[in-house]
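A short write-up of the structure that comes next.
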């Protein structure tokens, strides 16, 4: 090993005993360089990483020193873990040892003869080269690396060089390095410790002022720090500012202190600069800190007031207020920064702060020290003290509760989630925790401790279970009634009233005034009392398990409510019965009340008293400010008064909007309810009354089965059957009316918002002239410089617009949406003083010059004015002509060298201009010669374009063409009398006969980029024809350009300067999704031979061609060239998928936009009007600062890569690839930050334990560089849902006042990023400060920015933005999904935000008021399962806590959606699961109860109500068909329809058919059609709607209706909600039949087959007496639903009807069905495993759920009961014995099956002959029995089929009941029989589904038609999908 004196050699015997494991050294082969050993270090050896990094860094310079460093690392590793007990330590040490043995032999010394000399000389060399002069010459980032390297080298040097032999100079250098190293540590944004020249960001006055304020530690008592064995470095921690002081006093971690220091400095700096006009200052404004304090502690003050506690934010006399303010803010941020999962519990944080602020106050006020400025002892020792004493105990409580939940499978009522634990702090009980917290307190001592080593996921935590807090999430549909009781009561009472009126003799609404009718209507109050009683009972039953933690006043209220409700259901019926004798009409009722109120009946008095609370509520509803004030009041008197109406609760108080908003949504719902109730009355209820009366009076005695209740009066069974579907439709159809009204209102709102005003290129060209002016008003801050004229203002507008527009267009080129030619046509020239007109982009001026030349040539008149007027009528033509003339003049004058030649040009121009002014231009110039001149000029320009390649070679040709041009001008164009003026000028040169005219030209000008641009532009003006009108050709580029232009005409806040804008962060959670596609993934072919690259080239052919042009690749190209450019190709493909690379590139556009805008803010008008592209202020104005520095403090982007640390160390190729790609992103974008959870093994008390850290890293020198590391109390993702926990751990690293949440399937666009500062103003400005489009021309600069603060309520706390779904072009399914999603994120959210005020947070790209949310629980909720849809709960939480959520549409971001059938279904299932859990949640309950009535309706129908309505739609079909089954099988339908009195009535037929009208399908596409019409034109919308129907969109949406209904219903009944990863790839593969069967069997196929059997039975047994037209009319929509549910997955499956695929699918399905299951066998491999997993929900369901499942299964028995009485063998017997005999047959069949099953098990192997004999006997017995039945008993063939139809559902019923009672069945020994019965049913269902597929696969044209159907969108854009899916690639392998 390391030789040389003094080198410490490790005993090799130790290493020889180690066994080398393949997991570390044998890394997989992968693309790119092998991973460095420094990145593979086990977590328990993390401290050696810097040493290995230095070794890798210096390897190239001195391999021997690198070897010594590795050896030192090995020694350290051995000392850290001598026994190699840590995970992966043994393997790593072995790997490193082998590396050292190899390096020992191979490395040579370069500088000295031994190792000590070598390393000393290298150290001196390194110091001299990189460290000595470094701080002056190099950037701080570089110096960080060099100081770290020097420090590590010295450590190694000390181990290699013997003690006392180190060179004195080296010791001196090392001390210098150690002294200065603290100034060069890795930093995030602010290099706070850097020494030497200050970076630009540290020179900003706002940053300096904030640092100065934080550095004020005067008069603070100093803590006496006691160094502990755990934290030996504590004694060395010095105090530089207030946060250092707080960190030492309260034991916060160093990483947390550093992080929050920068956080607080940036907040203060950004808030302060917005309040100032001056540029230079040193102190913060006094109200800056106060404003931040008020915002941060608003929730804390509210909490104190709610609990009637005094705030502990106190200011002792003579204390410096600003310093104390900063101490309190700093303390809160430090608590928050280290709180980990406790951040989800805002009031728990309030409690912690309250207690710690109390301690702080004692210290400050002198109780904690002797004298001012003295020392005091702290209660916290060590920098992890706060974590261990405060956070960890609370975390452990959460952890134990989560263990109780068994990964969320246990009922919510049996464990406490985040909300339960947080709400503990809503009562004064929390103060029993005391401070320091008592570990034996009731809250903390929840159950026995579990050691981390022994815990496992399903472990049951022993100990007494704590009660829930305030609410219990009970799994029942009654939650819907409980949460929205007012709505259900309203609909039920309205139905009752309408039914009573319709039942009256007249049936008209006027009957309401009839005394008898009115008395009957008054009975609704009895119904209301019953429903209120139900509500009171539910409150008690459903909250029972929370009573242990509930306030006693709340319990009393529940009991009193129940008692009062009970009293009313006694009083009102008694009173009503007494009033029957004396009915009164409406008029008489009120007149009697006025005149004789004392003698009213008991019922009248009771009704009035009953109504008093409702009347008071109505009065308060009309006075929202009063109600808001009362609800928010903490006065004991007000609380007492409000106690009955609204229980005391911390959230949900005062959620009332202003009067105008209230009126808007009230009007919306009044109109909707009037329409709905009128429709229900006249279409649903009234027509059914007459036939109902007829049926009630009929006597039906002829039953066709054994009727158990033959004496029921009024045919009540028939009545229920007819009315049940109508009642269900009545409760569901409000959803349809909502779809209609939201479409109308949303469309009107969108039109008034100016959406779609520019939607085509033609519209863009027509309005482009006004775009720069609108751009300046919208996106340019108001200039303080005076504008001398309108012309100068327009020029300035164009100049600034050109920079932004050109950046936008260039970004389109970089994204390959444009080619080079289109780029040149779309760019706007940078402003120039040489041209007197506006220089429009060439695409606007296309063919203008050729047309003008033709006009001039063909002009017959002699009057100049007429020709000029014609040209001036077209603004663009006039601009083109003038620009062309002036550019040509400028070009000729500057290219000619001889003065004589220049004078000729001057003379010609003078002649032209004089002629125009004198109105004799046509007399002096021949227009007919202009085309000839144009041709020659075009030739000249073509030569000039290429001249810079070889000037001399082209000089002669250019001179000749130029001479031709001058000759044409002087000889042909100019008429003779004009020419006469020229010879005098020319003759001066004629003295030199040898000197030709116009031959001396300055071609060197073409080396100048500016002149080349002028020539190119002039050439474009002359040559571009009509084809440029269609530029750009790419549809996405068109969409983006038109939307950007259109948005400038929409209302938006004014743009502040970048320095004055709100600062913001973007946060993206990432787990293990694709970052960048690898070469292998690009070229990997699927089963059809299709690779991703091939597929995308066909989908985006134009973009592929543009890409090849951009990187200068020939087409076709060789394999070598392809490999050389593979990195670019990988990026091209990845930017078209849903990858992290695409998201990061999009979000980093914010930075690019802000840098450009910052530059434009700083530059003078004079400079920008100069016209150069790269204006860089060489001499910046006074007080102007580096725009990069300003952008640094305004924008931060954090990607939370949860498992980045694991991927870094992983040996899996994909994980390594993800790590390398994320690292490359950090290196590409230096301002990108990555946060991850690092899992380490550390020795604690002599034992290895897992420790978790939140870590922030950035790109350093080829590797990541750690900035902050904050220890966590445990694994943060073990507590809640993955994504919100991932966001929560990283949110502490975000900065700014706003936070945008972005998913990793999103994109952003540069042009949209330019609007970000406007959007952020929404969070800070007053509502009225938006520009109206018609005001643009009238606004004067000084009138624009009245700086008023927006009222807190009206400022958004969540601001939603619209999204563009970029995956719509992949297939028809993707197009459907794209349109559906687009309508939701546009018209849907538009109407939710205004007027309904019920928009929440539906995902991304919403912008949060960051301070508001970080003090109120964060940007999502994370409790297991209940918060599965974590995003929307952030909106619920924000609204409940007084926030305001709104939506804006002038800015958009991109978003990807699922594109395959199975992906989409998984997504829909996940959302339906989430809505099921929302239904049970406390948030929905509180919003439903605390919103006013109309806002509650909005809330219901736009959240859980939509899913409940979808379920009711499906349920209606079931109820209708089972009702018909009852009528048909019992014979009642025949009896009724054949009755003469009914035959004359058509009402019954219409009533029977009415249900078929109500399918949600078509009506739910209304918003989609409206939005497409609004933004693309209604003709286009109609066309797209028709195409969607032809592509079977209705089938798709009907199928998804089934998905929603199934998963929503199952979640509420049984649970089982879970996150379902959908995958975000390109779906071009064929899904196997078995995959589709597994996915849709229970949700669609079983239900579809059941409905099909119902329809068949209804048709077969009712045919004889019913017309087929009625049957079709009644059932056509149901047959459509059945067909959709059974066959949609196969219709929308690529290659679904290809014969070979069908054969393969059948083979695969049979193999899957036959495979046996078992432990560890995945569901994809075995039917048994899948079948067991499908019953998982029953494993954890409650008894109630099992009973409901059994009751629902009993419905299948009706088939057998009905059909056996219709068999011929029954001989029309109605005896119950017939049914009993049918069961005997059923049991016989089951016994036979059991015998066969047992025989197979017992005799199948050893006694094969016995088994065959048994089967033979059974067969003979079956034949004998059937023969007897046919011959003797009269059995017929139809009976056999009917029997099958009757008995099959019975078997399914037995199967379902057996599954529900699994444990009982297993104990009885019948479980195997149930399983075999299930297998038989699955086989049968599979065959039934497969047969149509087989038949259709026989016909090749079906497959062709299906391909056309699926990929029509792609076909219309030239996609050859038929070739793709057939796998027939192009014959050549070259990429073209």
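Note: Cβ is positioned from N, Cα and C throughout, glycine not excepted.
From the options 1453-1475, 1476-1498, 1499-1521, the stretch TrEMBL describes as transmembrane segment is 1499-1521. Here the listed stretches are 517-538, 602-623, 712-732, 1776-1796, 1881-1901, and the one with the most C-beta pairs under 8 angstroms to the transmembrane segment (1843-1861) is 1776-1796. This prediction places the mean pLDDT of the domain '1,3-beta-glucan synthase component FKS1-like' (323-438) at 88. Distant neighbours of the transmembrane segment (1499-1521): 480, 484, 487, 724-725, 728-729, 731-732, 734-735, 738, 1392, 1396, 1398, 1400, 1432, 1472, 1475-1476, 1478-1479, 1484, 1487-1488, 1491, 1555, 1558-1560, 1601-1602, 1604-1605, 1608-1609, 1647, 1651, 1654-1655, 1658, 1678, 1681; these residues of the same chain sit at least 6 beyond its ends, with a Cβ under 8 Å from one of its Cβ atoms.
Long-range contacts of the transmembrane segment (1881-1901) within the same chain, counting only residues at least 6 positions beyond its ends with a Cβ under 8 Å from a Cβ of the stretch, are 1633, 1637, 1641, 1645-1646, 1649, 1686-1687, 1690, 1696-1699, 1701-1702, 1706, 1709, 1713, 1727, 1731, 1851-1852, 1855. Through the fold, the transmembrane segment (662-683) approaches residues 494-495, 498, 501-502, 509, 624, 656, 730, 733-734, 737-738, 741, 745, 1394-1397, 1492, 1494-1495, 1497-1498, 1554 of its own chain, all at least 6 residues removed from its boundaries and within a Cβ separation under 8 Å. In the domain '1,3-beta-glucan synthase component FKS1-like' (323-438), helix, strand and coil residues by DSSP number 78 helix, 3 strand, 35 coil.
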